[in-house]
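Data block below; observations after.
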Amino acid sequence: MKFRVWRRPQITLNSTECSCGRNHFTCAVSAFGECTCIPAQWQCDGDNDCGDHSDEDGCMLPTCSPLDFHCDNGKCIRRSWVCDGDNDCEDDSDEQDCPPRECEEDEFSCQNGYCIRSLWHCDGDNDCGDNSDEQCDMRKCSEKEFRCSDGSCIAEHWFCDGDTDCKDGSDEENCPSDVPAATCSLEEFQCAYGRCILDIYHCDGDDDCGDWSDESDCSSHQPCRSGEFMCNSGLCINAGWRCDGDFDCDDQSDERNCTTSMCTADQFRCKSGRCVRLSWRCDGEDDCSDNSDEENCENTGTPQCAPDQFLCGNGRCIGQRKLCNGANDCGDGSDESPHQNCRPRTGEENCNVNNGGCAQKCQMVRGMVQCTCHTGYRLLEDGRSCQDVNECAEEGYCSQGCTNSEGGFQCWCEQGYELRPDKRSCKALGPEPVLLFANRIDIRQVLPHRSEYTLLLNNLENAIALDFHHSKELVFWSDVTLDRIMRANLNGSNVEEVVSTGLESPGGLAIDWIHDKLYWTDSGTSRIEVANLDGTHRKVLLWQNLEKPRAIALHPMEGTIYWTDWGNTPRIEYSNMDGSNRRIIADTHLFWPNGLTIDYAGHRMYWVDAKHHVIERADLDGQNRKAVISQGLPHPFAITVFEDSLYWTDWHTKSINSANKFTGKNQEIIRNKLHFPMDIHTLHPQRQPAGRNRCGANNGGCTHLCLPSSKDYTCACPTGFRKTSSHACAQSLDKFLLFARRMDIRRISFDTDDLSDDVIPLADVRSAVALDWDSKDDYVYWTDVSTDSISRAKWDGSSQEVVVDTSLESPAGLAIDWVTNKLYWTDAGTDRIEVSNTDGTMRTVLIWENLDRPRDIVVDPVGGFMYWTDWGASPKIERAGMDASNRLVIISSNLTWPNGLAIDYESQRLYWADAGMKTIEYASLDGSNRKVLIGSNLPHPFGLTLYGERIYWTDWQAKSIQSADRRTGQARETLQDNLENLMDIHVFHRHRPPVHTACDVSNGGCSHLCLLAPLPKGYSCTCPTGINLQSDGKTCSPGMTSFLIFARRTDIRMVSLDIPYFADVVVSVNVTMKNTIAIGVDAHEGKVYWSDSTLRKISRAALDGSQFEDIITTGLLTTDGLAVDAIGRKIYWTDTGTNRIEVGNLDGSMRKVLVWQNLDSPRAIALYHEMGLVLSRASFAIGSLEQREHNIHRADKDTGANVILVRANLPGLMDIQAVDRARPLGFNKCGVRNGGCSHLCLPHPTGFSCACPTGIQLKRDEQTCDSSPETYLLFSSRASIRRISLDTSDHTDVHIPVPELNNVISLDYDSVDGKIYYTDVFLDVIRRSDLNGSNMETVIGQGLKTTDGLAVDWVARNLYWTDTGRNTIEVARLDGSSRKVLINNSLDEPRAIAVFPKKGYLFWTDWGHIAKIERANLDGSERKILINTDLGWPNGLTLDYDTRRIYWVDAHLDRIESCDLNGKLRQVLVSQVSHPFALTQQDRWIYWTDWQTKSIQRVDKYSGRNKETVLANVEGLMDIIVVSPQRQTERTLEPLCYCRCQARLASFLILKLLIHIPWAHSLSACDISVKYILTVFWYRECIKYPCYSLSGEGLHVSYIIGGLLSILFILLLIAALIIYRHNKSKFTDPGLGNLTYSNPSYRTSTQEVKIEAIPKPTMYNQLCYKKETGPDHSYTKEKIKIVEGICLLSSDESEWDDLKQIRSSRGGILRDHVCMKTDTVSIQASSGSLDDTETEQLLQEEQSECSSVNTAAATPERRGSLPDTGWKHQRKPSTESEV
């Protein structure tokens, strides 16, 4: 905005260094570098002589009135204003040394004495004025935030992301320099700064990158509009900015190659060559930047002085006080002239006499009286009188409201604001304000007073405009790359599309928060539109006289809308929100008006001009326009206002800035170094104040849109819908113009007068060309030459579907036969005309010969003809019957590019447009009577249609839709212009005449297609492509007999050899194909088989696409070859990934690997059933040359001659087969009872042989097979469980079809029930199934985190597992019942687990902080560390039950080791393995899985040699086990004296028996009379009677009788004990406590264990220690007595001597003990086969275990980090104290 600054005739110097004379004072240098000199005596005289008060700054006036206070700066104020809390002196001197003011309870006391509301404390706003209310502690950053050096918090992922997000740049300091550069995919374009955008946005005319790099070097870029200049980068700017001296193009190309004659007649050329407006010449402002526009100027106007100055007659400005002072201050005497009412001076004037004649204050100056006024008054022209100053008239005195009073004023605030302590500015009530701004790739929030920075939405494409709805907590934004308007919750969730069609460049967005409406501008479509907040009921509000509307702002309280337009005639306009009362409020001195905002409290609007680098403001009606900031604005884009501050974004500085909204001062950078700041808003409830909803609660009674106006509201209809009443709209459209624009399809309703085009909401329209319609079903049809498809949808965009999408190359013409519901189209790529039903079924080729690029097509169901244009070498227009009969060329001369066709049924004429001839012509339907209708001003006509008396057409070059009289070509009109990429055009209406044909009745008797034809024939029957019509002329054959069938990666096609032309037909299988390579055909059943190497499966379907099913879904990698034995009913295939050739039944069953050795890359495969041969080779069936050319050729099979092209342009062409279903198949060698084979019968040259599925051996009868292998490896690979037979030598993996596998880690099996048990850490479950994969069920489904290890106790029928997430070892019955935590202390990452039921041992590995391998009894007792040194990541663990050794793999030390069951005799078996995970053992081999080599390997378990790879190239290998009859031998618990006589076993069995005796539940199993006697008794019984195997000759009868008598004796003893204890119950010690014991069998029954609290007889058998933590956190040892098998706490030293008695009396017979560490007591029995010395040694070992399981020598910490499990996030190792 240009403003005039008049210079005074004082001495002026154009220099920044001013030097006035000795007797002159130099005023402050002006903004333009000018100096002003005044007489020295005028300084500090209280008069504004400089015009900027610089001569009075810092001066002390001689005196103030006794009623006034003298400020430090010389100002006089009322004394009553002192210490009132207001800075009236403007230097705060009136508020110094004031007594402290007492603040209220709800107020905060500032250091300067002000009182503010407590809520304002630490809100980021300087409310006190001295910032004392903001001396607050920095808030803590969350875990997901990064703390900048200045204390602010940003999102954690912004650290070292290349963008400076911290205000001090600390987030980009010390970043690694080897951050890989972003790489874009093949479908993306990389911007200059690295960002990736979709390639389709490259050179589309939009700045999608944000730096125009996607629009550079675009030779085929669409031209800019008329009146625009296109920069080299692709940006379009105003043509008047070319060579104007300003760099408006981002690449400065608008100022290159400029000549001196580029300025127009209304422009002035600066010395620099820059052009400025001629009206700016000599306007007092340096517009040229070199002051050349202000040189040689004459003073031609009346200058303006400051308000408190006097304008002399000579143009000079002096202070008002110098008026009538008796001195000739003006120099011409005009300040003392009589007409100024100056009184003659008598020389006797004195302030003591009548106050010198002054109304208020009087002072003597140079002997003369000088009158002055009190603060709040000004001196009148008579020099004596004073008049009240209206402070409210001075802008900025009050923030919002102002009330003037005599000698003073009072400020007040609007509702929702509160007056600050300064009594002038207003503070908004509510939360702290937040600046919400778009940053192209994200939307962010920043607190203006704190600069705290947070992310709201990220991963956006190109967010430009935004707004919010505070009460609904929604944010809206436009994306000019996606051409979408989106919305989300203010917390960033629930992102959804609001408007997704019909947008080209939505640069402005505004929310009506009162009436819940969304308004937006689109500079591409030159419109302003409105819709509901969800995008429904969309309406074009304004479209006329709009060029490039940009910013938009609403005032819902007033019902008005404001917008900027930076087209060729830049302007700012407003209208009511219903579009009425439109008015221009600013159209001068505007160039590039970008941002616009409304100050609702101040009743003003502000805008930025990026070209003129200014921020301006005006009243809401455009009055009182003024520049707020005119310097330091390189490229302002958007602006917002809040309280007294303006905030704006700047493209060049990439920053957010602020300044005072009144003065433009106090400029501050809020944030800089942003990516690309765009729109900005202040997020605060006061930015959306409450107002009256004009539409009320019932939408104003409107059926659709209720739009407010300045006084009331208007009911409006969506675009194109007519009003049926004042409040209602029509529910559908009756007639509209339908046209295609490549990327969308639009309509212009003829039901309304505005003729606005509306986009039909369709998905994935990429390059629409041809159109047609059918009003009967309300369908619109279109072709897309990018997707090569024909689609349809309802006229409102619903029910969209693809009709035809195969075998199309360039479908450029389309026509609907609305009588018989047929779809006709031309294809310029295949040179065909085809027809189908309107749903795409029963497709057939009508014309395939002598076509050369057919273009448009129309049909005449009334006459039975179709017409089409041909663009080829000999352009022509042809006609034929709609069944392709009676073909005839009707126009063949004076044609170049015949485009659109249209039929006038009334006049029987055919119209066409010729883009080469630039004409629109017509002729009779037979080609006669040809005439030119329009032959001028037709640059490039394309589409053509007729309706009523008008003809309509589209024009590519004119970018318009035009119409004219269809008979004369006169009365031409333009319906729409500035529309790019216009294609076909039609008029949709509901007035087509009914036509009755022979096809109406029973489809004309045709089995398939009934096509109309000219009379007298009337119609004919036709068959789908490739099928012949039978002799009756009505019925089609059931299918193709002889055909080619080929794979094309994403589909399978057939080419019939039964018809005279080659046309491929897609096998319509309703399934997605990714990479179909090999195919085969079963000619007997008519089915096609194919392999998909991406989906890794083999499927089949009938030739008509039905009966689809997958037959092989596992164990495939790259199946390149496939062959079907239709005679033997088998399928063979090759796999280059596994290097195998396999065979199976046609349903995929009984699969077998035929060849697996000496294969390098098997591909093609062929069969010769009669000879029983399989042929395989490493090449495709189609030669490589043809594959590159995407063609199918045919040649003589013997000579190779007569090569012809069968089909061309078939990308992705793969395998091909020729099929003749009429040819007999041949003799099946296995046809009789499958050759007697139980499974596979495979032919060979001399007969056939029986075979078994992979891994199963054929029995000796050479005919039958077992159901499964006897011995095999079972392993998991995350989403599968597989087996490898060890019975055969092929070592081929076979998938076990267990359903619902996600991330299987650990495995084990149960040989008794034949079950597989496995853990799935994705679902956190333990499941089981049969060994064949059936009967899957969940065993443990809750309470699991990371179950890494699993072991089955097949003897006791228990299931053990480790849980790394919970650091526990648990056990349950095999069905999941009786679940119990076995061990939960001193565990840190337990992994593998194994059981030895015969020995009663449990083993596990722990690769936590201190890695170790441990052992315990199966009930968790007698826990012992076996290995805790020289371990890294002990992963897998297995047991060799024969050699009694433990084997484990170490993934950190990369080796396999073993030791005995006690941890002794440790040895390294293999020292060089990559990353072993699990292992198992069978016979002489150790097998293991390896993550790094992705293989299963084995090695000799004795020597560590003979290393072999069993299976390679398997992703995600996990656990591995062996299923073998030799692994799980003992199937039941042993008899009481079976082979080994163990006190442990006897005690266990007796206890188990006792638990199941109901009346014995009250008996303590730990009582001496039970535990000791039972154990000793059974031990002696086992010693007394020798042991015999059950498999021997049998037991003596005497042993059996002795056992029964022993049991009877025990029962009698127990009964006596119960009676005895009952009689002694009165002596029960009350000091005894109870402790629950869990039975070792893991049942739910419990027994009570009495803990002794008083001394007992000294009968002990073990010393245990318990670790306790003392007060000083040191460990103390308390003695524990073992009384009758129980460890008891004791402090009596004498009781420990009794241990000697135990040892001497018991010897090695009894050493049972229980160590109470937590709340569980374990009852343990051990073998009695040890002598006294061994017993003592064992007791000493277990003493240390009982005192502390983990007090063994600590293993040094391993190097590196914890192992990557590959399925869960690593957990940080816990310390022992944490456990």
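Heads up, the Cβ atoms here are built off N, Cα and C, so glycines get one too.
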Among C89, C110, C115, TrEMBL lists the disulphide partner of C103 as C115
Looking only at C141, C148, C160, which is named in TrEMBL as the disulfide mate of C153? C141
Can you tell which of C297, C312, C317 is bonded to C305 by a disulfide, based on TrEMBL? C317
Taking the Cα of C330 (disulfide bond) as the centre, which of the disulfide-bonded residues listed as C89, C148, C317 lie within 10 Å of it? C317
Compute the average pLDDT of the predicted model within the repeat 'LDL-receptor class B' (1086-1128). 91
Looking only at the recorded stretches 473-515, 559-602, 603-645, 908-950, 1086-1128, which one has the largest tally of CB-CB distances under 8 Å to the repeat 'LDL-receptor class B' (821-863)? 908-950
Work out how many Å separate C282 (disulfide bond) and C288 (disulfide bond) at their Cα atoms, rounded off. 11
What number of additional C-beta atoms lies within 10 angstroms of the C-beta atom of C141 (disulfide bond)? 16
Give me the non-local Cβ neighbours of C166 (disulfide bond): same chain, 6+ apart in sequence, Cβ-Cβ under 8 Å, ordered along the sequence. F146, C148, S149, D150, S152, I154, E172, Y453
DSSP assigns the residues of the repeat 'LDL-receptor class B' (821-863) as 0 helix, 23 strand, 20 coil
Least Cβ-crowded entry, counting other Cβ within 10 Å, from the disulfide-bonded residues listed as C71, C270, C297, C317, C330: C297
Around the Cβ of C312 (disulfide bond), how many other Cβ atoms lie within 10 Å? Please give the count over every shown protein chain. 22
Six or more residues beyond either end and a Cβ under 8 Å away: which residues meet both conditions relative to the repeat 'LDL-receptor class B' (1444-1485)? 1271, 1273, 1275, 1286, 1306, 1392, 1394, 1396, 1399, 1401, 1403, 1405, 1407, 1413, 1415, 1424-1427, 1430-1438, 1491-1493, 1497-1502, 1504, 1507, 1517-1522, 1524, 1526-1527, 1758, 1760, 1763
Top of the disulfide-bonded residues C148, C209, C263 by count of other CB atoms within 10 A is C209
In the repeat 'LDL-receptor class B' (1400-1443), how many residues does DSSP put in helix, strand and coil? 0 helix, 23 strand, 21 coil
One should report the C-alpha separation between C275 (disulfide bond) and C317 (disulfide bond), rounded to whole angstrom, as 33
Between the disulfide-bonded residues C89, C305, whose Cβ has more other Cβ atoms within 10 Å than any of the rest? C89
Closest of the disulfide-bonded residues to C312 (disulfide bond), Cα to Cα, picking from C83, C89, C128, C153, C263? C89
